[in-house]
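What follows is one structure encoded as structure tokens, with my remarks underneath.
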Amino acid sequence: MDGKVAVQECGPPAVSWVPEEGEKLDQEDEDQVKDRGQWTNKMEFVLSVAGEIIGLGNVWRFPYLCYKNGGGAFFIPYFIFFFVCGIPVFFLEVALGQYTSQGSVTAWRKICPLFQGIGLASVVIESYLNVYYIIILAWALFYLFSSFTSELPWTTCNNFWNTEHCTDFLNHSGAGTVTPFENFTSPVMEFWERRVLGITSGIHDLGSLRWELALCLLLAWVICYFCIWKGVKSTGKVVYFTATFPYLMLVILLIRGVTLPGAYQGIIYYLKPDLFRLKDPQVWMDAGTQIFFSFAICQGCLTALGSYNKYHNNCYKDCIALCFLNSATSFVAGFVVFSILGFMSQEQGVPISEVAESGPGLAFIAFPKAVTMMPLSQLWSCLFFIMLIFLGLDSQFVCVECLVTASIDMFPRQLRKSGRRELLILTIAVMCYLIGLFLVTEGGMYIFQLFDYYASSGICLLFLSLFEVVCISWVYGADRFYDNIEDMIGYRPWPLVKISWLFLTPGLCLATFLFSLSKYTPLKYNNVYVYPPWGYSIGWFLALSSMVCVPLFVVITLLKTRGPFRKRLRQLITPDSSLPQPKQHPCLDGSAGRNFGPSPTREGLIAGEKETHL
């Protein structure tokens, strides 16, 4: 790769977990293998990462957490986690990818073979995300198509899906009061539950396939496929539009939102600080998990995207800018959301706490209800769902791209040949689509909630981030990694980053992880429906299937490597000798011993493709 420096032969070679290119490829195959590729320019990388990390959670999760956890006071724990965990781990993953030029699995193999399970765990999480995250796009597409009508279908109770319990509450409200209707539902709720989902009584009854959602899901996958089928050459171009267009929509909705009556009261609810809430550990846990969710940490995406950078790209500045952009977007989205919720509160004459929602409830219930109260409701509905689609679309196709990158880097001989990449993406898309069909059945919402609550939960991300920072800072060596970064960008990053890797980030991650376990409450759909025991078993399987990769592959690699235990351990924490080294390598002054362990025997390695790809 551009700018890489050959390793000096000053000591025994480090363990090689990925076969050398000459060993992997026969001469006759080399002509058929495509180059790995790089971003054409820095902007493609920045927009691709921005598209991945700036998604639906910025709009429907962060504003609600601020309101729920003390308004402006929530920014105190949020920014503590931002500086101590968010930026350091975000930068670590991007720098790791840029340094190794590998996807998530092979990057960790090269750095520390013993902890290759970190990369495999991230692939598991990526796979789950690719199955269920795109379901939100299918819902949004359904709402978008439904908005092209003379009257929004969730405005009245005169539709074939409505029940006798449907009541338009606005037509029964006086000036500032609402008559209670305990056994009645709103038209927007019935549209969501009966028209879109057709929801059943529980996960035990999946019902039939919602064919309209299945077609919307198919359309979403077709779009994703053609966004990435040519690799970074196509992805880098597509993100110019998909990553910037949502900002135009956000600005339009912001201008509309703050000019609505009642918007000021909604914004006050959003920002009014309640410092007493900081005594609640739950507030701190919410801040920490939000950082990990919104920064796409421990999902393998950042490492894969960073791997397409040029070796001397200044990823440090890029990461800091992207982290601030992500948080700023969340902050601005809060003004959009709560100005509209304030408007709803005033129009309905109810406290804002009764209209505040998060997650799908905000996107598919609260906001659709709000647009029915506005002039030109179809226009605002279309703009909102177009914004949602683009926010989710680039997060989805970048996540698929990262899974493809990890797979190709694991099997370069088989998958880098002409036409193989397109076939691999098609295979992933078809498999995820077929699995996703279970999530667009009448009982699919219950499965979706299991994926969302367990598969990529804060517990999983905190667990993996703890191992990531421990592996880099204490096993590979924070100083050594700083040397590598200095070789790439020309200077050493702010010392707080290294201090965070060594002490602050592991401590906060461990504390938050343990607290999350202690405060665990089983999932309830709508806070009402209790899953059967086998449903929770599926949920915990989704959660543990990623976390177990780390200890499992530590044991497997130790057992499959030959030799005395201490020798095996030393071999498996030795980085790959093919990794680029700083120009002023320590071996030049006779101090190579701290960087390289003893030479591993070829027979003792388990890095070959046949032995490690289980």
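Cβ atoms are placed via backbone N, Cα and C, with glycine included.
Annotation comment: Swiss-Prot describes CYS157-CYS166 as disulfide bond, evidence class similarity to another entry. Around the Cβ of CYS157 (disulfide bond), 20 further Cβ atoms fall within 10 Å across all displayed protein chains. CYS157 (disulfide bond) falls within neither a helix nor a strand when secondary structure is assigned with DSSP, and so counts as coil.
Per Swiss-Prot, N-linked glycosylation site is recorded for ASN171 (among others).
The N-linked glycosylation site annotation in Swiss-Prot covers ASN183 (among others).
The feature region 'Disordered' is assigned by Swiss-Prot to 576-614.
The topological domain 'Cytoplasmic' annotation in Swiss-Prot covers 1-44 (among others).
Taken from Swiss-Prot, the feature topological domain 'Extracellular' covers 138-210, and the record attributes it to sequence analysis.
Averaged over the topological domain 'Cytoplasmic' (557-614), the predicted model reaches a pLDDT of 63. The annotation topological domain 'Cytoplasmic' is assigned in Swiss-Prot to 557-614 (among others).
Outside the transmembrane segment (45-65) by six or more residues, the chain places 39, 74, 94, 136, 232, 235-236, 239-240, 242-244, 246, 270, 286-287, 290, 293-296, 301-302, 305-306, 308-309, 313, 318, 321-322, 325-326, 329-331, 333-334, 336-338, 356-360, 362-363, 387-388, 391-392, 394-395, 398-399, 402 with a CB less than 8 A from a CB of the stretch. Residues annotated as transmembrane segment in Swiss-Prot, with sequence analysis given as evidence: 45-65 (among others).
Swiss-Prot lists 73-92 (among others) with the feature transmembrane segment, giving sequence analysis as the kind of evidence.
Residues or ranges marked as transmembrane segment in Swiss-Prot: 117-137 (among others).
Taken from Swiss-Prot, the feature transmembrane segment covers 211-229 (among others), and the record attributes it to sequence analysis.
What Swiss-Prot lists as transmembrane segment is 238-255 (among others), and the listing cites sequence analysis.
The transmembrane segment feature in Swiss-Prot is assigned to 291-308 (among others); the stated evidence is sequence analysis.
Annotation source Swiss-Prot lists transmembrane segment at 320-341 (among others), citing sequence analysis. If you look at the transmembrane segment (320-341), the same-chain residues 6 or more away from its ends with a CB under 8 A from one of its CBs are 46, 49-50, 53-54, 57-60, 62-64, 66-67, 78, 82, 86-87, 90-91, 247, 250, 253-254, 257-258, 260, 263, 266-267, 269-271, 294-295, 352, 355-356, 362, 366-367, 370.
Same-chain neighbours of the transmembrane segment (374-393): 54-56, 58-59, 133-134, 136-137, 140-141, 143-144, 147-149, 152, 155, 220, 223-224, 227, 242, 245-246, 249-250, 252-253, 256, 260, 363, 367-368, counting only residues six or more beyond its ends whose CB sits under 8 Å from a CB of the stretch. The transmembrane segment annotation in Swiss-Prot covers 374-393 (among others).
Summarising the annotation, Swiss-Prot assigns transmembrane segment to 423-441 (among others).
In the shown protein chains, 20 other C-beta atoms lie within 10 A of the C-beta of CYS166 (disulfide bond). Under the DSSP three-state reduction, CYS166 (disulfide bond) is assigned to strand. Same-chain residues lying 6+ beyond the ends of the transmembrane segment (117-137) with a Cβ under 8 Å from its Cβ atoms: 56, 103-109, 216-217, 220-221, 224, 298-301, 303, 360, 363, 388-389, 392-393, 395-396, 399-400, 402-403, 406, 428, 432, 435-436, 439-440, 444, 448, 451-452, 455-456, 460-461, 464, 467-468, 471, 542, 545-547, 549-554.
Looking at 73-92, 211-229, 538-556, the range that has the most CB pairs within less than 8 A of the transmembrane segment (291-308) turns out to be 73-92.
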